[in-house]
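Undergrad: Features from TrEMBL:
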- 126-403: domain 'Membrane transport protein MMPL' (DOMAIN)
- 7-27: transmembrane segment (TRANSMEM)
- 253-272: transmembrane segment (TRANSMEM)
- 279-300: transmembrane segment (TRANSMEM)
- 306-327: transmembrane segment (TRANSMEM)
- 348-368: transmembrane segment (TRANSMEM)
- 374-397: transmembrane segment (TRANSMEM)
- 428-446: transmembrane segment (TRANSMEM)
- 643-661: transmembrane segment (TRANSMEM)
- 668-689: transmembrane segment (TRANSMEM)
- 695-714: transmembrane segment (TRANSMEM)
- 726-745: transmembrane segment (TRANSMEM)
- 751-773: transmembrane segment (TRANSMEM)
Amino acid sequence: MVNKYLIRLIIWGLIVLSSLFLFIVIITKGLNLNTNILALLPNQQTSPQLTAASDKFSNRISNDVVFLISSKDQPEAINSAAKFSKLLQQSNNFTSINAGVSQSQQLSWAKFYFPYRLQLLSNKDKELLANKDYKRLYQNALANIYNPTGIVNHSLLNNDPFFTYQNYLFDLPKPSSNLKLKEGFLVAKKDNHYYVLIKAEIKGQSFSLTTQTEIIKSINNAIKQVSSNKVSVLKTGMLFYANAGAEDAHHEINTIGIGSIIGVLLLIILTFRSITPLFFTLLSISCGFIAAFVVTHYIFGSVFLFTLVFGASLIGISVDYAFFYYSEKLLADANWTPKIGLNRIFKGITLGLLNVIIAFLIISVAPFPGLHQLAIFGIVGLSVSYLTVICFFPYIINTRSKAHKSIPLLKLTDKYLNICKNISTKKIIIILVVLCIITIIGLYKIKPNDDIHILQSTPKKLKNEENQLKSIIGSDMGLSYIIVLAKNDNTLLTKTDNVTNIIRKNFINIKNPLISISDYIPSIEQQQQNYNAIQRFIKTKYPSEYLSQIGFSKAQQTEILDKIKTTKFKPLELSSWLNQPVSKQIRFLWLANQPNGYKALAITLSKDIDISKLQNLLSSIDDVYVIDKVTQISNIFGHYRNVISYIMVVVFMLLWLGLAIRYSIKKSLVYILVPLLSCLLSVAFLGLFNIPLTLFSILATILVLGISMDYVLFIAESDNRFSSTMLALSLSAITTILSFGLLALSNTPAIEYFGLTVLVGITVAFLLAPIAIKVQYYEK
């Protein structure tokens with residue numbers, strides 16, 4: 001026997017030692033844990049250039065952090081902001097920090113744009129010139145002259161007599177309408193407090209745990225140094241949400257993982273009355289977890305915290321194989337040997353593993369990277385735990401246990417076993433009818449919910465702080481945006497011009513519907529049109545009348561108008577604009593070169609824009625894409641919730657067919673009833689208690705199907721050794737219920753609903769599994 005099991009042991013040992021070595025390597029290099037909730041979701045973009053551009057913009061936005069330094073005294077607020085900005089700079093954790101606009105920057109802007117002033121027009125002036133409403137342009141210029149708050153001097157009138165350049169500068173979109181430039185800082189005032197804006201871009205990725213820890217530490221240090229009774233700091237950014245999510249996940253991993261382990265430990269000690277099963281069961285769990293982590297990490301490059309939260313719950317399943325071995329060993333007769341013990345449970349636990357693997361493979365049908373990773377983690381982890389039992393246990397654990405008939409759990413399972421054996425067929429039918437009625441009522445009341453926000457619980461404090469900050473600065477930009485693609489700069493700007501014009505014409509009630517680079521640098525065609533429109537206007541009578549009315553002599557009029565006429569058109573190139581400080585505040589919209597020779601830029605949209613209407617308006621324009629991830633992912637959730645539901649129906653039919661071939665049609669109908677009712681009741685429970693049905697609830701029923709089918713097969717393949725089988729099933733059910741029951745305590749709705757569904761399903765499966773015992777009992 002030693003030689004026979006030695007080969008298995010060597011194979012198992014190589015797998016475990018290799019996994020342990022690679023795990024140590026990963027730990028030494030630094031764990032790459034991914035907290036990015038969006039990375040769990042499928043990529044629905046239609047081309048590599050769109051995917052690359054959208055990902056680049058999303059990453060850029062996620063790395064931005066925004067602060068408001070507040071005080072009742074404006075100079076104190078500005079001084080504190082300057083100090084705060086300096087502290088952030090000294091931390092060396094930020095690639096850029098924008099604390100305002102210096103005097104030199106303002107001068108450089110004016111100097112840069114000035115040579116192109118005749119081809120840069122506000123939307124209103126473009127419309128007046130296009131309609132040849134020259135009189136209105138003349139009247140508007142006069143109004144500027146006599147406006148007591150206007151900025152008028154001799155130099156301005158000589159270079160921009162009709163204020164078209166000034167109008168253009170004033171007409172540029174303002175992402176935050178309440179901000180005003182004060183002493184080089186952007187300042188907002190609300191409720192007798194002054195708020196100074198600071199924007200920064202972090203180094204690294206906001207979803208990296210290492211990045212989060214280091215940067216948040218430097219931010220908290222800066223906040224601590226500037227804060228006082230008179231000065232406070234508001235903050236927002238994906239960094240803070242990601243960190244909060246990581247902390248929640250860490251807490252839940254500890255709660256679920258430690259809770260599951262404690263439950264397993266207590267069960268083992270109370271049931272087997274020995275520390276040896278405790279040690280080897282923990283070994284089985286550890287081997288599975290380490291191997292799963294290593295394989296997942298090397299396949300995907302990182303491991304989602306989401307995966308670890310679910311992985312912690314898999315402890316409740318991975319111990320099943322050890323429980324069956326020890327239960328068989330505990331209640332064995334005097335002739336027991338490792339070979340006999342393993343042969344008795346081999347078919348049951350092998351079919352059980354295959355069922356769970358099939359369940360995870362079904363889960364991976366949905367194109368969610370997070371679910372693919374979860375499937376790999378689960379399959380590898382459970383497989384290695386299984387191999388530990390069949391390869392390692394028989395070689396090491398080769399002596400029969402002393403029977404303990406006083407074990408409380410064994411007494412309970414034996415009593416339940418006797419009840420199940422003696423219950424009449426009529427009572428079974430009544431129970432099943434009642435369960436079916438409850439199921440129908442629950443399913444009738446079920447309400448689907450595919451909202452993406454179920455993936456993450458948003459801390460109220462952070463959300464309130466973000467809303468307060470946006471309200472103070474007057475920001476109304478939403479999460480949706482547009483990606484524009486083209487082969488060259490000018491085509492890109494032309495297409496963007498077209499898009500922005502469509503939006504402004506169709507959403508006239510929204511003050512600032514968008515922010516686009518094309519507002520700061522029009523396409524060359526638009527610049528040429530603007531220039532030509534000004535030249536046509538100069539040739540009319542209105543310029544001379546206007547200049548005469550405001551006191552210019554004939555000679556002065558001629559000089560001013562000749563200067564305009566002789567100014568040659570010189571196109572403002574996008575590449576030139578991007579290399580100047582003037583583009584700094586808006587450069588984040590430029591997405592540069594993309595695959596297949598494309599260039600891209602983004603247009604941010606107001607939260608008040610009707611996205612469906614916008615998508616219809618832009619649908620006929622090539623390479624223009626409205627990105628609304630919230631709606632897109634919610635639709636994907638709904639789609640795959642339905643798809644997987646249909647797959648489940650097919651799987652049930654195939655399982656029934658397999659059971660009919662393995663056993664008989666009569667037996668197969670009874671056996672399939674257990675997983676069917678377990679799945680349906682777990683979903684009906686949600687309806688009965690007004691809990692929404694989500695994609696994750698449907699995914700949970702797949703695990704319920706796999707595990708409940710395990711219970712039936714364990715009994716069907718137990719060779720009438722029902723006592724040890726029922727003891728093992730009880731241990732398995734308790735640990736699984738404990739693991740997934742703890743998932744139901746999660747702050748994240750998706751995980752909570754998953755846990756609740758499995759909790760109810762496994763409870764029902766355990767209680768109904770003895771139906772299979774009834775079939776076996778009558779055939780003895």
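The backbone N, Cα and C atoms fix where each Cβ goes, glycine too.
For the listed features, I'd like the structural context: burial, neighbours, distances.
TA: Within its own chain, the transmembrane segment (7-27) has Cβ neighbours under 8 Å at 287, 290-291, 293-295, 297-298, 384, 387-388, 390-392, 394-395, counting only residues six or more beyond its boundaries.
Non-local neighbours of the transmembrane segment (279-300) in the same chain are 15-16, 19-20, 22-23, 26, 32, 261, 264-265, 268, 307, 311, 314-315, 318-319, 321-323, 326, 369, 373, 376-378, 380-385, 388-389, 392-393, 396-397; each lies 6+ residues outside the stretch with a CB under 8 Å from one of its CB atoms.
Long-range contacts of the transmembrane segment (428-446) within the same chain: residues 673, 677, 680-681, 683-688, 690, 693, 771, 774, each at least 6 residues beyond the stretch ends and with a Cβ under 8 Å from a Cβ of the stretch.
Within the same chain, residues 358, 362, 365-366, 667-669, 671-672, 675-676, 679, 695, 698-699, 701-702, 705, 709 sit at least 6 positions outside the transmembrane segment (643-661) and bring their C-beta atoms closer than 8 Å to a C-beta of that stretch.
Tertiary proximity for the transmembrane segment (668-689) is limited to same-chain residues at least six positions away from its ends with a CB under 8 Å from its CB atoms, namely 432, 435-436, 438-447, 648, 652, 655-656, 659-660, 662, 697-698, 700-701, 704-705, 708-709, 711-712, 716, 753, 756-758, 760-762, 764-765, 768-769, 771-772, 774-775.
The list of residues near the transmembrane segment (751-773) in space but at least 6 beyond its ends in sequence, with Cβ under 8 angstroms from a Cβ of it, reads 252, 309-310, 313, 416-417, 420-421, 428, 454, 670-671, 673-675, 677-679, 681-683, 685-686, 691-692, 694, 696-697, 699-701, 703-704, 707-708, 711-712, 715-716, 722, 726, 729-730, 733, 736-737, 740-745.
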Undergrad: Against the transmembrane segment (348-368), which of these stretches has the most C-beta pairs under 8 Å: 374-397, 695-714, 726-745?
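TA: If we count Cβ pairs closer than 8 Å to the transmembrane segment (348-368), 695-714 scores highest.
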Undergrad: By Cβ distance under 8 Å, which residues at least 6 away from the ends of the transmembrane segment (726-745) in the same chain are close to it?
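TA: Same-chain contacts beyond the ends: 252, 255-256, 259-260, 263-264, 267, 271, 309-310, 312-317, 319-320, 323-324, 326-328, 330-331, 409-410, 412-414, 416-417, 707, 710-711, 714-715, 751-752, 754-756, 758-759, 762-763, 765-766, 769-770, 773.
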